[in-house]
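Peer 1: TrEMBL feature annotations, pasted as is:
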type	residues	note
DOMAIN	288-456	domain 'DNA primase large subunit C-terminal'
BINDING	Cys298, Cys377, Cys393, Cys433	[4Fe-4S] cluster binding site
Amino acid sequence: MEFGLKKRARHEVKVEVASLETKYPHNVMLYHYPPTEDVHIDEFEELALERLRLLRVLDRASNRNQRLLSDEWKENVSADLTREGLRSYLRLCSAGGSTKHEADIQTRRRDYLSHFILRLAYCRSEDLARWFVAREMELFRYKFAALSSAEVKQFLEANGFEIHPLSEAQKDEVKDGLYESTAGQSVAKIELLDFYKVPFTQVLDLVRGRRCYLKAGFAYVNTHDLVSLVGTKQQDEIEQGLQAAKTMVDDVEADERISRTLKALHNSYTGRDYTVCRDAAIPIESLDQLSKTSMPLCMRMCHEHIRAQHHIKHNGRMQYGLFIKGIGVTLEDSLRFWREEFTKKMDADKFARSYEYNIYHNYGKKGSMVNYTPYSCAKIIKDATGPGDCHGCPYKYMDQGSLKTKLSSYGLSASAVDEVMSFVSRGHYQIACGKYFQITHNSTVEPTIIHPNNYFEESQITMGNRQKRTNGPALPKARIKDIKGHGDRSMLMGEDDDELWRIAETQERIMQSQKDISEAFNDDLDLTQIDY
């Protein structure tokens, strides 16, 4: 893959459709041959982040302990893909695997390129590679399950699988075995299914699960279960491709921008941006009550620490200060909140000299003039903590005995505490947070928590204080262009246009993720008056 590094104006890539149709004829591809077209560095980064968002949707679905491809799993994945602005990928996982619609062909191209880009990022360690292979195989199975019998035949032929469906005569010879071994299907439906005769060693998972008919060393596999055979081939391709990518990483990373993108990609935040609160202004007088009802554990403990100690170390101020900015606390109220607390231990002049600048800095009014984004769960979990600190993720940094005591003091029953701790003990901190939310809100639904401000918003919606967002009609591309590049969305406040906000958030999410990648190597930190 070659990457053109000359900077040029951003534009939507529209490769000749006729050419793409030949390269990418099918929704399901084995990713065998690396792409050879030139890719601009800007598109390279966008494709990497887009693919990461796609795989994280599948990762969240797997963490819900739902059976792969079950109706519940598909419903959640479909909803998440729609919310993430990835409906084009959802179309690849729907019927019509060989459609010639231009939009689908362009998505196949993005699918193919982004897969190979992420190989370069995830070939670096066994843990990264294992995660990548698992998510890619879930995506492959999702796409393959949507193919019709005719499309399966086309796929097998296009990819050189020397197997063919049984003829009616061959099927009659083993029909009794097929009836007995095909669970969940009526005789009438079995008559309509295509079956394939393959060596049993190629479908060992079906043999192990007793989901196919065996005779004379061959397994008889129906169309729906054929994914077991082709999936093995796909997994081999990906694993071998990761090994090959490992040998070329040094050459690819000769460009520093590519190196930064690939090295920091897995830990970059790809969710919604909470830089500016759209929904409401939060008065600081309500923070005490909100800390009990709508703040996640990490922020509730920061708030309580501030109220009790009238001080908090720099990392805690950053974590909590950006959080309250994101939920709707204005700059003026934020200054008042911190001043009222800290001046209980120091005089007003010391507060002004040592702390005011940092608050202005976070709101983008001093220094680099960047309107900083509240910390995501990934960043909070990754942050190290020391004695006297109260920032970071409590589910990770607190010892289990202290955490159990803290949860009990917040009103959780013994059984509820055990339920939360069962996820903590396995290192599933965000799932534990989602379970804490479900219990404390008496909710039937356990939300997927990826950001403290996401937790707060879901809480306010569940309590009836805010309305869930809905998407409106799509906007023309000219309006999208107008939004690009604006880090501060305050200009949009007052516009009753959900779709405009959605597009703005998508663009800022990409920009923020790229900024996070850059900051992983060159943080733009406010180093003035850091008080430890």
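Note that the numbers count up from 1, one per residue, in the order the chain is shown.
Placed from the backbone N, Cα and C atoms, the Cβ positions cover glycine too.
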Peer 1: With a radius of 8 angstroms around the mean position of the C-beta atoms of Cys298, Cys377, Cys393, Cys433, what other residues of the same chain does the [4Fe-4S] cluster site pick up?
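Peer 2: So the additional residues around the site are Pro296, Leu297, Ile380, Ile381, Pro394, Tyr395, Lys396, Tyr429, Gln430, Ile449, Pro452.
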Peer 1: List, in sequence order, the same-chain residues at least six positions removed whose CB sits under 8 Å from that of Cys298 ([4Fe-4S] cluster binding site)?
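Peer 2: Spatial neighbours, sequence-distant, of Cys298 ([4Fe-4S] cluster binding site): Gln319, Ile380, His391, Gly392, Cys393, Pro394, Pro452.
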Peer 1: Quiz question: given the binding-site residues Cys377, Cys393, Cys433, which has the greatest number of C-beta atoms lying within 10 angstroms of its own C-beta?
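Peer 2: When each Cβ's neighbours within 10 Å are tallied, Cys433 leads.
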